[in-house]
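Trainee: A single structure is presented below for examination.
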Amino acid sequence: MKRAYNFNAGPSAMPLEVLLEAQEEFLNYQNTGMSIIEMSHRSSEYAALHAETKQLLRELMEIPEDYEIMFIQGGGSTQFLMTAANFHTKKYAAYVNTGVWAKKAMAEGKFYGEVYEAASSADKNHSYIPQEFTLRPDTSYVHLTANNTIYGTEYKDFPKFDVPVICDMSSDILSRKVNVKDFDLIYAGAQKNLGPAGVVIVIAKKSFLATAREELPTMLKYSTFANNDSLYNTPPVFAIYMVNKTLHWIKKQGGVNAIAKNNAAKAKLIYDVIDNSNGFYKGHAAPEARSNMNITFNLATPEMEKDFVAKGKAAGFVGIGGHRLVGGCRASAYNAVPLEACKALAEFMEEYMKENK
Ligand SMILES: *Cc1c(COP(=O)(O)O)cnc(C)c1O
């Protein structure tokens, strides 16, 4: 079986070993005579899987004991709403506008009070990460987007604030080491780096959770998830099961630091082609803000970009067109994308340049 060179932005490539393992046990999970998706979420088999998934996350991300780990449905987009619903309790909430996802988060924040931009990279089409931030008094929290999937920018060091920090890590969770203690709440949809769509990992400081607004519908309250071990209602069993397998896979690769090293090497292969192309390929992100997850670039004209994507597709490269809102090209090299795929893409880019210069 030939596997595609999968550079999709999300949902995206999964480790082949994880897919094979899931296939192998799909009809008969741990000799129960049924699939994991056919059994009760209150069963002992599922309970063990649920607990182990949390434990693996705690271990791999070094999540301190005073942080809660939750599994929530509704995607990253529902977290835009939930974070504001629970924590926009003062006059203002601050957002760092680093692009589309940040702005969508800010739009949800408005349902619960005033919002403002602590900083913005809009002046240069979100090609950089702002370094200066202005906070107003009476600010509930500041919301950051760790990796800007669409533009290919990523915080290298996270700024410090004296208000709670909420961070969307949907497209770079477990791609590199972060200090969980620097954040009050982290959320990440699974479908970029951790598994299939359907579950969001939420990691929140318990003392921060205690400050949440309580007069909210049940399913919008973090406390519903925190107080019931994310089992108040049926959790997305299959998605959590796949996340569990992916976490085992990350551990087998040597953990987050080994993964990060590999990610840097993968991205470098492609950035090097861009940098050595004499402007044939123009990187979108400022070099100091370059994401190792999403590599964005342009060719001379939109027509040429279309041709590049079409020829790439014919050569087996999937998902290298840019986001529909910004155009250009984008290769997403998430954790599960093998080094060989990046090598092949770098070679293809060299070839294409030679033929079209
Ligand atoms: C994909 C993405 C989202 C949206 O996630 P959904 O699960 O589709 O709602 C939010 N934030 C970032 C940074 C993303 O990359």
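Using N, Cα and C of the backbone, Cβ positions are placed for all residues, glycine too.
Remember, it's a predicted structure, so these values are computed and weren't measured experimentally.
TrEMBL lists 5-338 with the feature domain 'Aminotransferase class V'. The L-glutamate binding site annotation in TrEMBL covers R42. Residues or ranges marked as pyridoxal 5'-phosphate binding site by TrEMBL: G76, S77, W101, T149, D168, Q191, N233, T234. Annotated N6-(pyridoxal phosphate)lysine per TrEMBL: K192, in sequence order.
On this model, are these features tucked inside or out on the surface, and what's nearby?
Mentor: For R42 (L-glutamate binding site), the same-chain residues that are 6 or more apart in sequence and have a Cβ closer than 8 Å to its Cβ are L231.
Contacts of W101 (pyridoxal 5'-phosphate binding site) defined by a Cβ separation under 8 A and a same-chain sequence distance of 6+ are given as G76, T145, N148, T149, I150, D168, S170, in order along the sequence.
DSSP assigns K192 (N6-(pyridoxal phosphate)lysine) to coil in the three-state reduction, placing it in neither a helix nor a strand.
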Trainee: Given K192 (N6-(pyridoxal phosphate)lysine) and S77 (pyridoxal 5'-phosphate binding site), what distance in Å do their CA atoms have, once rounded to a whole number?
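Mentor: Approximately 14 Å lies between the Cα of K192 (N6-(pyridoxal phosphate)lysine) and that of S77 (pyridoxal 5'-phosphate binding site).
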Trainee: Going through the binding-site residues R42, G76, T149, D168, T234 in sequence order, which have a CB under 6 Å from an atom of ligand 1?
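Mentor: Checking each Cβ against ligand 1, the ones under 6 Å are G76, T149, D168.
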Trainee: Just name the winner among G76, S77, D168, Q191, N233 (the binding-site residues) by count of other CB atoms within 10 A of its CB.
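Mentor: That would be D168, with the most Cβ atoms nearby.
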Trainee: Between all pairs in G76, S77, W101, T149, D168, Q191, N233, T234 (listed as pyridoxal 5'-phosphate binders), what's the biggest Cα distance, rounded to the nearest Å?
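Mentor: Among the residues the record ties to pyridoxal 5'-phosphate, max Cα distance equals 31 Å.
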Trainee: Just to confirm my parser: what is the rounded mean pLDDT across the domain 'Aminotransferase class V' (5-338)?
Mentor: 97
Trainee: So for K192 (N6-(pyridoxal phosphate)lysine), how many other CB atoms are inside 10 Å of its CB?
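Mentor: Summing over all protein chains shown, K192 (N6-(pyridoxal phosphate)lysine) has 29 other Cβ atoms within 10 Å.
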Trainee: Give the sequence-ordered list of residues that share a chain with T234 (pyridoxal 5'-phosphate binding site), lie 6 or more positions from it, and have CB atoms under 8 Å from its CB.
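Mentor: Long-range Cβ contacts: H41.
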